[in-house]
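Chemist: From TrEMBL, for reference:
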SIGNAL    1-23  signal peptide
DOMAIN    75-414  domain 'Peptidase A1'
ACT_SITE  ASP93  active site
ACT_SITE  ASP287  active site
Amino acid sequence: MGKEKVGWVALLIIVSSWCVSSSSHSSSSSFRGDLSRGKAPLTFGSASASSLVLNRVGQSVVLPLHGNVFPIGSYNATVYIGQPPKPYFLDPDTGSDLTWLQCKVRGARCTPTPHPLYPPSDELVDSSDPICRSLQSGDYKSDCVERCGYEVQYADGGSSRGFLVKDDVHFESNRGRVLSPRVALGCGYNQIPGRYLPYLDGVLGLGKGRSSLVSQLSRQELVANVLGHCLSTRGGGFLFFGDDLYDSSRISWTPMSRDPKHYSPGTAELLFARKPTGQKNMLLVFDSGSTYTYFSSEAYQALSSRVNEELMGKPFTRALDDRTLPLCWRALMPFENIRDVTEYFKPFALSFNSGNQFEVPPESYLIKSELGNVCMGVLNGTHEGLEDRNLIGDTSMQDKMVIYDNERQRLGWASKDCSQLPKSRAFAA
Ligand SMILES: *[C@@H]1O[C@H](CO)[C@@H](O)[C@H](O)[C@H]1NC(C)=O
Ligand SMILES: *[C@@H]1O[C@H](CO)[C@@H](O)[C@H](O)[C@H]1NC(C)=O
């Protein structure tokens, strides 16, 4: 399937500590996965130092995002790392914990990158470090202490292997302060591309685990352990860390399920055009590393047949020759933008026990293909081996502020025009 992209969703992460050749691998069957253009380079005068003195309350970091769901298939944030700081384009992934960069070490096997490979810092993370241990499964026995090796495998067959180092990462807070915390990140020396090969320097891991960047920033008391993103249907958007950029009372909040690995709002019922579809108890996971949304076979079937039924008698026919995505329709009239045809489609929604709904309007589940057809950006997750998990990917999170609040164990969302960066430090959702 030509351009079908699973994004960065990872099914398995294997972490091992090896000295020379990798010997004992341990694996935990986890499910991890998951990019903008930076503003003008900041001037990082005398870096570091900022950490411990700041009170994290009421401070945030905002990173502009660049990219789109189609045709690029990913978003990226520019992150400045090292001394002197160098820019890297990273794919923000709320489906995986570890931040890693394609790394400059002898014999490295990397995919093409937009910037020179990351020269690793010489401070290694040893295998007894809590961050290293957090990446390993319970029964793991380390046979090498000097270095913490990791291997992440993503659902589309891609993988990265490397070791952890500590280095300075530079941000500017919304209070105008330069923050340069020292964080653990992966030096990836063996990347195997999956079906989808993004032209990026690495992944920005924003999952729930201890190694996640936002969790590391919050332990250093720089920001609250909260992150969010706002992806625009016009492309771009922004990513933020911290909890003072939104008015909490205007957000629909749903408790996070106890799933230790994934950001899950629990189970929901699928509605189409505000009516039940018979699909209940769908286990959902929010994953910014996935370009599209994936429903398990039955729910996928239910949704695609409702969309097809809805199109009967309207100026569309199936476009079987369009291989962009599995389900495409030819519009019998020319159109410029997906917005010109969304009136023929209906929204779907995920309805939670709490009474909250996550509504997905047509522009957040349809794309316009290069052949000028309309294609459905919700795909069959069973086909990708996702089993009973339903992934809410970038496409369905567009034009919403989506918030992952690890402090209060809740997930929130609110409709929003994401094409504007938040200007002031308090903006309403
Ligand atoms: C990443 O962002 C840069 C701008 O900062 C942009 O030029 C580039 O096309 C983006 N790459 C991808 C793969 O989205
Ligand atoms: C989804 O994929 C599975 C596995 O490939 C397949 O058995 C099933 O028929 C597909 N469902 C639909 C509705 O296409």
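Every residue, even glycine, has its Cβ placed from backbone N, Cα and C.
Because TrEMBL annotations are produced automatically, they should be read as predictions rather than curated entries.
For each listed feature, how buried is it and what is near it?
Modeler: A strand conformation is recorded for ASP93 (active site) in the three-state DSSP classification.
The Cβ of ASP287 (active site) has 32 other Cβ atoms within 10 Å, all protein chains considered.
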Chemist: Test of understanding: give the count of other CB atoms lying within 10 angstroms of the CB of ASP93 (active site).
Modeler: 30
Chemist: Roughly how many Å lie between the Cα atoms of ASP93 (active site) and ASP287 (active site), rounded to a whole value?
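Modeler: The Cα atom of ASP93 (active site) is 7 Å away from the Cα atom of ASP287 (active site).
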